[in-house]
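Note sheet for the following structure.
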Amino acid sequence: MEPPAARVTPSIKADCSHSVNIICEETVLHSLVSHLSAALRREGISVFVDACGLQETKFFSIKQNQPLTDGARVLVVVISDEVEFYDPWFPKFLKVIQGWQNNGHVVVPVFYGVDSLTRVYGWANSWLEAEKLTSHQSKILSNNVLTDSELVEEIVRDVYGKLYPAERVGIYARLLEIEKLLYKQHRDIRSIGIWGMPGIGKTTLAKAVFNHMSTDYDASCFIENFDEAFHKEGLHRLLKERIGKILKDEFDIESSYIMRPTLHRDKLYDKRILVVLDDVRDSLAAESFLKRLDWFGSGSLIIITSVDKQVFAFCQINQIYTVQGLNVHEALQLFSQSVFGINEPEQNDRKLSMKVIDYVNGNPLALSIYGRELMGKKSEMETAFFELKHCPPLKIQDVLKNAYSALSDNEKNIVLDIAFFFKGETVNYVMQLLEESHYFPRLAIDVLVDKCVLTISENTVQMNNLIQDTCQEIFNGEIETCTRMWEPSRIRYLLEYDELEGSGETKAMPKSGLVAEHIESIFLDTSNVKFDVKHDAFKNMFNLKFLKIYNSCSKYISGLNFPKGLDSLPYELRLLHWENYPLQSLPQDFDFGHLVKLSMPYSQLHKLGTRVKDLVMLKRLILSHSLQLVECDILIYAQNIELIDLQGCTGLQRFPDTSQLQNLRVVNLSGCTEIKCFSGVPPNIEELHLQGTRIREIPIFNATHPPKVKLDRKKLWNLLENFSDVEHIDLECVTNLATVTSNNHVMGKLVCLNMKYCSNLRGLPDMVSLESLKVLYLSGCSELEKIMGFPRNLKKLYVGGTAIRELPQLPNSLEFLNAHGCKHLKSINLDFEQLPRHFIFSNCYRFSSQVIAEFVEKGLVASLARAKQEELIKAPEVIICIPMDTRQRSSFRLQAGRNAMTDLVPWMQKPISGFSMSVVVSFQDDYHNDVGLRIRCVGTWKTWNNQPDRIVERFFQCWAPTEAPKVVADHIFVLYDTKMHPSDSEENHISMWAHEVKFEFHTVSGENNPLGASCKVTECGVEVITAATGDTSVSGIIRESETITIIEKEDTIIDEEDTPLLSRKPEETNRSRSSSELQKLSSTSSKVRSKGNVFWKWLGCFPLQPKNLRSRSRRTTALEEALEEALKEREKLEDTRELQIALIESKKIKKIKQADERDQIKHADEREQRKHSKDHEEEEIESNEKEERRHSKDYVIEELVLKGKGKRKQLDDDKADEKEQIKHSKDHVEEEVNPPLSKCKDCKSAIEDGISINAYGSVWHPQCFCCLRCREPIAMNEISDLRGMYHKPCYKELRHPNCYVCEKKIPRTAEGLKYHEHPFWMETYCPSHDGDGTPKCCSCERLEHCGTQYVMLADFRWLCRECMDSAIMDSDECQPLHFEIREFFEGLHMKIEEEFPVYLVEKNALNKAEKEEKIDKQGDQCLMVVRGICLSEEQIVTSVSQGVRRMLNKQILDTVTESQRVVRKCEVTAILILYGLPRLLTGYILAHEMMHAYLRLNGYRNLNMVLEEGLCQVLGYMWLECQTYVFDTATIASSSSSSRTPLSTTTSKKVDPSDFEKRLVNFCKHQIETDESPFFGDGFRKVNKMMASNNHSLKDTLKEIISISKTPQYSKL
C-alpha cells in the first residue's frame, strides 16, 4: 500500500558491451551532447556523460591498463573551443587515451565549435594519424558543412558500426532510410518490401528492423525462409504455430482460433502486430498467408523480403526499399574485418581490397566469404583472388544457383547469352538479336530485372560479376550439352586446320566432347592465340547464331589465317562481328537473310557479295576503316537498316541513294575521301557525318526530325542550302575553314552551331536573322577578331580563346557567356533584362576597372528590378567571373578568409531582396579544370528569441569541366541570388527574424566534392541589397549600408524622459520625436523605408541592435551627424557641455582639413605654372608662404584642442603630438557615444543587446527583471515605486486575493482576512469551499474552478481535465507501464523474476480486496485513502476492462468490469491499482506496490512496518526522480535517494510531457517529502537518512536493515 503520488519511463538494463562514455565540457552538455546522448539511447545504446571537462574528468584518474567505466567499449571525446590544447595536462590526457586504445577500447574524437584551424590541426593531425583515429568535425573545421543534426547522425552511425559485429556494417544508415519510408505511410496497416539480389543483406536488414521496432508493437513474429516453411508445414499449420502462438502468448486466445479470428475481433481490432516474411519467392503462397491476417489492427506492420519485385505487387505492398551494395567505406571495413581482422587494411593491401570490392559491387555476403577464403594467404592473395573469380566459392554458387534455377528455360537462355556475350550492350540491340533467336526478350528482360538478375543502366544491359561468373560455372557443369563457347582453347580445337587431320589422322579429343551441331554462340578473343583456320570450319554449325571474333588488345592485328580460304558461314547467323577479316570477300553462298548486325571493321573486304535477296532483318552495318572496300550497293535492299558506319573507307567511291530508307537514323561517311556525291538523304535522318568527304552538293529534302549535321572543308556553308530544317551543325576542328558566307535565309531552324577550334576562321556573316539559333560555339577560333552581330534569341555564347577586342551589342536573351582567355577583349555591351545571368571573363586581363564596375552594377540593378516581379518563376541570379584587379579591391569591401558576417536590423528583414557576394578565388599553377568549379555558399541566419539558426545553402555553378581549362592568378566572382534569402513565410514570423547572417564560401567540383589547395577562397565580402534601394552601384550599396548604420545608432541613443521607447506604441513613438528628427528620417525614406512602411511599423516595438562605432570605419561626417542628433535629444541633460565641446572640436578640425585640401589643390596649380615659367623667385615666395601658413595652422589646431579641454599649454610643433591629440579627441567623442557596458544585477552578465531596464538603482536585462510572486518578467510600463517588483495583479493578489474557485474577493471577517491556500499549487480560496461540495480532484487535490469541465468517475471520484488527459482507464492500458517498472527494478539490480497480474479496479473493489487480504490497519493507516494494494491471498477481483475517455461536463463516466480469480503461484497473487488516475500517479503507486511484492518474494515479510513503507516510498520517489530527469526539468531534487537512481545505466522511452505533467511530478514528490504520517512520512525520512549517511544504494540499504533486524536497535527503528 501507499499514499498519493506519480510516474515516468523506466530504465533499461545497460549492456556494457554496447555502452558509450562521453567526455565533454559543460558548455556543450545541453547542446550537441544532449542531442547525441538522446540519439544513442534511441538506438538502444547505454550512455554515460561526464561533463566535468577534459582536464577534471574522472576518466583522467583511470590507469591505462584498466577498463573504462561500466566496461564501455567506446569513448567519445568532445573537444570544444574551451580546451587549451597547449596546457601541460593535455599531453598526459592523450597518453591516457592511448592506454585505453591499447586495452581494446575505441576512441571517437569530435571537434565541435573550434574556430581556429591553427589551434587544432598542428597536434590533431599528428595525433589522429599516429593513433589511426577517424574524427568528426563541426562545420567550422570541415570543408563539408554539417549542421548539428547531421553531425550527430554521423557520430551515431560511426559508434553504431564500432559497437556491433561486422555483419551489421552499414545497417544503421539503411534502418534510418526504412524508418523514413514508414513514417510517410498512413496510420493503417503499413507494409514495406525489402528487395535486392541474393547476398545483398535483405535478411540481415529485416532482422535489424525487427529487433529495432518489435518493442513498439503489441506482438511480433519473424518467419525465416518463408517459402521453405510454407511448403513444409502448409498454410494451416504455419498460421497455427507462428501466428497462433502470438494469440496464445500475448492475448490469451487459443491458437485453434487462428482460422476464425473474427470470433475475437473485439480483442484484436486495436492490436498492433509486426510480421516479417523472409525470402519470399512464391507470391501465391505469401498472398494466401496474408489474407488470413486481415484482422490486424491499425498501425500494424508487414515486412516482406524477396529477390522478385513481382511478389510485392501480388501481396499489395505499399512501398519497396531497394537494398544497395555497401559503399566503399563500409565495404572496405567489412572485407578488412573478414580477412585481416581490422577495420581498415594497410596501405599495401588496399589495392587488392579495392579490386575485390569493385568485383563484388559491395555485396556483403560475397565480401565476407571472399575475405574468409583469402584469410592467411597474404603472400598469394592476388593469385587466390584470380582463381576465385573463375570459380566462385561454393556458398556463393549455392545462393545464386537458387535464383537461376527459379527461372524459366527461355529466361535461362537469355541470361546465359547476356552473361557470355552481351553484357554492356544497349537494350534495343540485345532485344533485336534475341528476338530473332526466338527468345521473346521484351517481357523476359523486364522479368529478369525484377528478379535482380539483370540491371538496366544508361540504356545498357548490365549483370553483376558474381551472377555472370556463376552462370558461366553453371554452364561449365553442363558441358555435355555445350551450346556457347568463349574459351580460346576449345574454340581452337574446333576451328584449327591441322596437317594430321589432312593426312587422315585424328586429333586428340579434349576431355569433354564437342558437337558442332549443338553450338549456338562463339565469342573468340584472338589477343592471345594465333592459328590457321580450316576452310570448312563452320560447315556443320547449323545452329550457330552469334559469331564474334575480335582482338581485345589491338584492332589492327588478326590472329587467324585462312590458308585454304573459307567455304561457308552458317545460315542462321544473327550477329556477324569479325574484326580484321583477312579475306577479300565473304563466302559466295552466304545468305544475309537472318543477319541483324554485320560488323566487320578494319577488314580486307572489297565488296559484300552478290547473292542478296532480302536484307529485311539487317539493322546495323559497320564496315569502318575497311580500306579496300569499293562499293556497298547491297544497302538498297536493307529496308529496315538504322545505322550505316563507313568511316575511313578511303577506297569507297560512291554511296547509294538512301532516300527511301525510312528507318535510317545515322550515316557516317567521315573520312571517305573519294565520295563526291550524296544522292539521297533519308527522311528520318538524325545524324549525318560528312567530314573529310569531297561532297559539293546535298539534294533537297524534308526531314521529319531535324538532323545533326557534321561538315568540314572550305565554304561548306553552301552545302546547307537544302537543309532548311537542320537544327544542329557541327564544324568542330575544321582547321582549314577560313570564311563562312551568308545563307541565313535557308537556315531558319538552326538551333546549335558548333565551330569550336576552327583555328583559321577569320570572319563570320551577320547572324541577326537566325532567329532560332540558341547556342553558338566559337571557342578556340584564335584568328577570329570581329563578329558582326548576334541573333536576338541567343542564350549561350562561347567565345573563349578568340582574338575579339570588342563584343557588339549582345542580345537581351543571353543567359551564358564564356569569354575565357580572350586576352584582347576590352569592352562589352549588354543589357540585363533576362535573368539568370552567368558570365565568365577568366584570364581576360585587358578590362579596365571602370568597365568592370559598370558591368557589375548593371547586373545588380537588373537583379533588383527582377526581384520585385513576384510572377517570376526562376529566382533571379547573376554570376560574374573576372580577374582580380587591386584597383577594385576597395569597391567590393573584401576581407581575408572564407567567412563574412553581415549585421541586420529588424526593419531590414522584409525589404531584403538578396545579397551581393564577392568571392576571391586563388588559382595555383597546378590547377586544371578537369572536374568543373562551383562555389558553395552557406548562409547561417542568427535568429532572435533563442530560436535555432536557419541555414540556407546554395551552389553557384562557375564553369563546367574544360570550359576554362587553365586559370592563373586570382579571380573574383560576383554573385547575386535571392535564394540566399529565407522564404517569406519564415520572415513574417517574428521569432524567425535574424539579427545577423554569417556566410561561408568553399570551392567544390561539379559533383560538390571539395577541391584541393590549387583552388581556394582567399577573400570574400557580402553586401545587403534591399528592394527599396535607390543607388545600386557597388559604392552606392556600401554608402547605403553606412547610412543605415548611422540611423540605427541614432535610434539607440534617443532616450525619453517618461516612457521607454521600446514599450511605446508606434504612434506614440512618432509623436514623441522632435520635428527635426522626423524631418531627417523622412528625407531618407527612399533608402530605408520598406514596403508597407516596415520601418515605422517596427521601430517603436522591436529591439534594435547596438553597433559599436569602434568596430566600424566611420567618416568624420558620420560622427558629426550622430553627435548632432544626440545633442538635440540631450539639451536638458547635465553632460551636454562636454559633448558640445567635443562637437566644436570635431567641426573646427574638419574646417582646417578642408582648408588644407584647398591649399594643396591651389599649390598644385601654382607648381604647374612654375614648371613652365621657371621663375625661381616665385618659388622662394611660395616656400615662405607655405611655412608661415603651416605655423599658423599648427597654432590654430593647438589652440582649439587646448580650449576644448579647458586648459592652456605651450604650443608643440611636433606633428606626432598633433595626431595624438586629434586621435584623443575622436576617442573622447566615441566614448561619449558608446559608454562602457553595464552588468545585469540578476545574472551579473554584461548587457550587450542595447535593451536594459534601469530601476531601483540597478540595471537589469528585460528577461531578468521579474515579479517576486509569479517570477515572470515585468514590462517597463508596469514599473511602480509603490508596489516594488510586482505585477499589478500579483500585488493586488498578495494584498487582497481573489478566490480561485468562485473568482470573488475573499470576504474579511472580524478577525481579519482569512483564506486557505494550497501548499503546493499556491491557489487561494474561501474556507467555505472545503465543505460546500465543490469538486476536488482525487489526483492533484485541487478544487475545481467554477464553470470548468470536470469528470465524475463511476465510483464517484472527481477528476480534473488536466489529470484526465493522461488517465489510465483500464487494465490493458496499464500493462506497458507494468513492464516499464519491471525494467526499472532490473536497472536497480533488483530484478523481479516471478510473473503476477496487475489489475485496475474501482474504489469499492479495492476496499473489498483490502478486507479479504486481512491487512492490519494501524495508526494513521486507517485514515489513508487506499489507492493500491499488493495481494498475497487467493480471491476474486473485479477489474476494469474498459474505461471511457470522453470529456463530459459534470457527467458520470461508466466502465466495463469483469471478474478475475487470482491464483496463488507465489508470495504475490496480484497487484490492484485504483483506476482513472494519471499515468504519472499510477506509475508511482505501481512502483510502491511492486516494492512490497519484491520484499515478499525475497522473504522479507516481517520487516518493521515503518521501514517497509519507507523503503516503498523511497522506491517510488526514485522513480519520480527518473521522470524528472527524462522530462528535462530545470533542476533535479537534491534528495539523497535521487543520486542513486539508475539513470546512467538505463534508457528511458521518449516522452513529450506537458507543463502540467512536469508540475504533477513535483507535486507527488512534494507530497512524499512533506508527509507527516508515522508510517509513510517518517518511514521515508528514516530510510532516506540511512541511505545518505552510508552512501548506499536502495538494495544495500535493504541488506543493512536485514542485518540489524536482530539487534536491539531494530525495535527502536
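Cβ from N, Cα, C; glycine included.
Among the features that Swiss-Prot reports, domain 'NB-ARC' is placed at 178-427.
The repeat 'LRR 4' feature in Swiss-Prot is assigned to 594-615. If one looks beyond the repeat 'LRR 4' (594-615) by at least 6 residues along the same chain, the residues whose Cβ comes under 8 Å of a Cβ in the stretch are 429, 432-433, 436, 555-556, 571-586, 588, 621-626, 628-632, 634, 637-639, 641.
For the repeat 'LRR 7' (662-682), the DSSP counts in helix, strand and coil order read 0 helix, 3 strand, 18 coil. If you look up Swiss-Prot, you'll see 662-682 marked as repeat 'LRR 7'.
If you look up Swiss-Prot, you'll see 748-770 marked as repeat 'LRR 10'. If one looks beyond the repeat 'LRR 10' (748-770) by at least 6 residues along the same chain, the residues whose Cβ comes under 8 Å of a Cβ in the stretch are 706, 724-742, 776-792, 798.
The annotation coiled coil is assigned in Swiss-Prot to 1109-1234 on the grounds of sequence analysis.
Shown for the repeat 'LRR 10' (748-770): DSSP residue counts in helix, strand and coil, namely 0 helix, 4 strand, 19 coil. The average per-residue pLDDT of the prediction over the repeat 'LRR 10' (748-770) is 84, rounded to a whole number. Residues 624, 639-656, 688-699, 701, 703, 710 of the same chain lie 6+ residues outside the repeat 'LRR 7' (662-682) yet bring a C-beta within less than 8 angstroms of a C-beta in it. Secondary structure of the repeat 'LRR 4' (594-615) per DSSP, as helix, strand and coil residue counts: 0 helix, 3 strand, 19 coil.
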